[in-house]
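Feature annotation from TrEMBL assigns coiled coil to 224-251. Annotation source TrEMBL lists compositional bias 'Basic and acidic residues' at 582-617, 635-644. Taken from TrEMBL, the feature compositional bias 'Polar residues' applies to 618-634. The feature region 'Disordered' is assigned by TrEMBL to 576-688. Feature annotation from TrEMBL assigns transmembrane segment to 6-21, 33-52, 103-126, 146-165, 177-201, 378-396, 425-446, 523-542.
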Amino acid sequence: MSGAALGLEIVFVFFLALFLLHRYGDFRKQHRLVIIATLLAWYLCFLIVFILPLDVSTTIYNRCKLAVNSSPAESNGSYVTLAPSKQKCFKPWSYIPNGIMPIFWRVVYWTSQFLTWILLPFMQSYARSGGFSITGKIKTALIENAIYYGTYLLIFGAFLIYVAVNPNFNLQWNQLQTIGIAAANTWGLFLLVLLLGYGLVEIPRSHWNGAKRGYLLMKTYFKAAKLMTEKADAEENLEDIMEEVRKVSESIKYNHPLRKCVDTILKKCPTEYQERMGRNMDDYEDFDERQNSYPSEKSLVKLHKQVIYSVQRHRRTQVQWQILLEQAFYLEDVAKNETSATRQFVHTFHSQEPENKIIQYFYTPTVEWYWECLLRPWFYRVLAVVLATFSVIVVWSECTFFSTKPVLSLFAVFIQLAEKTYNYIYIEMACFLTIFFLSICVYSTVFRIRVFNYYYLASHHQTDAYSLLFSGMLFCRLTPPLCLNFLGLTHMDATISHKNTQPTAYTSIMGSMRVLSFIADGFYIYYPMLVVILCIATYFSLGTRCLNLLGFQQFMGDSEMTSDLIDEGKELIRREKRKRQRQEEGENRRREWKERYGNRDDSTRNRAVHTDQKESSFTETNANRPLSKYTRSNGRTERDRIELLQDAEPLDFNADSVNDDPLESDSGRYQPGGRYLSMSRSKIFDDV
């Protein structure tokens with residue numbers, strides 16, 4: 001089994017990262033480099049979390065083996081004996097041979113740092129650029145990141161000059177490397193505590209509120225009202241952008257040098273807008289550089305960027321609206337079925353997607369009723385209590401992990417008890433549950449936060465490239481300090497335990513923080529205590545109340561604005577429900593009509609075809625005979641066509657463009673009176 005556990009976890013974590021990326025990203029529409037870079041960043045961060053417990057168990061075994069092989073008389077003081085010399089050490093089932101873990105951690109860590117500080121910021125600017133060529137996008141990305149990279153180079157250069165001038169410092173390359181790692185971990189720890197303080201409270205509370213049906217339904221109504229506002233804003237923004245694209249497309253003709261750029265912009269537009277603008281184009285007209293003023297390439301780059309953003313936002317709001325409708329309908333069905341006497345779950349609408357037959361066989365309406373109406377609320381309450389217990393243990397350990405005599409950190413107590421009996425399975429499970437809970441609290445906050453419309457991770461393949469790359473940057477910056485914090489909570493870090501023992505392979509890669517004593521003995525120990533203040537602020541929803549006062553509507557039960565939005569969302573859901581019911585009723589009537597009269601219509605159609613074949617000669621000889629008696633429907637259709645032609649208004653051949661939609665633009669509006677007499681003055685034959 002040597003190394004087998006490491007290989008299995010490497011494969012499992014890869015498919016886990018691939019699954020999550022498929023849920024949030026879109027493999028078919030997004031650039032392959034964006035997908036690969038984001039997948040690599042997520043994969044490396046998840047891999048660190050899953051492999052670190054194996055490193056802990058391997059380190060404990062190596063300490064035991066060292067203590068057994070070295071007697072007290074032969075001990076040179078480099079390591080402290082952790083077990084009696086006669087104690088026999090058992091090799092863990094997941095033991096990793098010496099020399100593998102240091103190389104593994106070195107490759108994983110420096111690759112993630114290269115991604116987060118160099119490659120991903122560059123790719124963010126590249127993906128957000130509106131350039132029409134690879135060279136143009138690279139140039140834009142370099143210009144945008146010049147300040148970003150220049151700031152770090154300036155700080156690093158000033159630090160090197162200070163070290164070179166000051167005679168008290170005699171730093172070597174390893175110490176400079178450790179200082180760089182400490183600076184990156186300090187920045188990550190600062191953000192880590194903020195996200196951890198929010199997740200430790202919000203995750204148990206969200207599961208506890210998940211057991212309240214009324215709460216979930218009211219929050220869904222609130223989300224519906226906010227999403228409808230965002231959806232209308234996205235549609236209005238898209239209409240404005242498409243109007244600008246239409247004007248540019250009409251002004252730049254087919255033989256203009258910038259026409260290729262316009263065609264690239266048109267390909268990014270929705271299909272209905274492409275067809276509408278394609279009908280209004282007059283490609284036979286040549287452009288006149290002297291008479292008309294044309295947009296520059298810089299303005300087209302800006303327009304291209306706006307089109308990409310507006311189309312992505314419009315598509316995302318449309319998909320989210322449909323998902324929210326399904327969620328609201330389902331919660332309303334749960335509220336109705338709670339009082340059902342038959343104890344069978346009845347859906348108002350059938351699922352639009354085909355369900356798996358295996359799931360339908362086991363997940364029957366009766367099983368669904370017992371799960372949704374009886375078991376699920378209690379399951380969420382028990383899970384919330386368990387998560388709250390973990391949160392309390394984490395907060396206590398964060399405030400007391402610096403104490404070594406006595407050991408007050410509960411995670412350190414659990415690991416040391418298991419270390420005495422060398423129960424490696426228990427050690428690995430305890431380490432995995434601890435770091436997994438910490439990572440869930442941090443990573444779930446990354447998935448939940450939203451910075452206006454610039455950073456937003458939306459599920460169901462609706463996340464844009466910029467947000468995916470930004471999430472990869474955050475994960476790569478948060479994971480190393482998260483792992484160091486975990487090792488400090490379990491006293492596996494020699495900087496915290498103050499023991500001269502063999503360090504873990506991960507800690508050896510990070511280097512000794514004794515080079516910067518004010519960080520090792522000050523910031524790393526006392527700053528995590530701020531998680532208590534952040535947990536209290538999150539429990540009383542201080543951040544939500546501040547955002548609500550600033551005008552950002554947040555869900556608060558005691559707010560009048562929240563009540564108004566709930567009522568508005570409830571009316572929107574009721575309106576969409578009536579619309580869905582009318583559609584299903586119409587489909588059912590058509591289905592019943594087809595089932596009842598479908599065979600009769602087929603036989604009548606076959607009989608009519610046979611009769612037409614027999615009477616074809618008769619109709620040919622009597623073609624001049626009036627047929628109004630037999631063709632009333634055809635005569636009515638003909639009269640309708642005549643009336644439509646009589647009501648049609650004459651076309652304006654002097655207009656700049658002909659538009660099928662009279663409300664779309666001013667140039668396509670109807671000009672009263674017609675202009676048939678002005679055709680001779682309009683130089684209509686100039687293009688012949």
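Glycine too: its Cβ is placed from the backbone N, Cα and C atoms.
Whatever TrEMBL says is automated annotation, not expert-curated.
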*When only pairs 6 or more apart in sequence are counted, do the transmembrane segment (177-201) and the transmembrane segment (6-21) reach 3 or more Cβ pairs under 8 Å?*
no
*Please give the average pLDDT for the coiled coil (224-251) in this predicted model.*
92
*Most CB pairs under 8 Å with the transmembrane segment (425-446): which of 6-21, 33-52, 103-126?*
33-52
*asked:* Using a Cβ cut-off under 8 Å, which residues of the same chain at least 6 positions beyond either end of the transmembrane segment (33-52) come close to it?
replied: 6, 9-10, 12-14, 16-18, 20-21, 25, 27, 104, 108-109, 111-112, 115-116, 119-120, 123, 127, 431-432, 435-436, 439, 465, 468-469, 471-473, 475-476, 478-480, 482-483, 486-487, 506
*asked:* Given a Cβ distance threshold of under 8 angstroms, which distant residues of the chain, six or more beyond its ends, lie next to the transmembrane segment (103-126)?
replied: 6, 33-34, 37, 40-41, 44-45, 47-48, 51, 55, 137-138, 140-142, 144-145, 148, 152, 184, 466, 469-470, 472-473, 476-477, 479-480, 505-506, 509
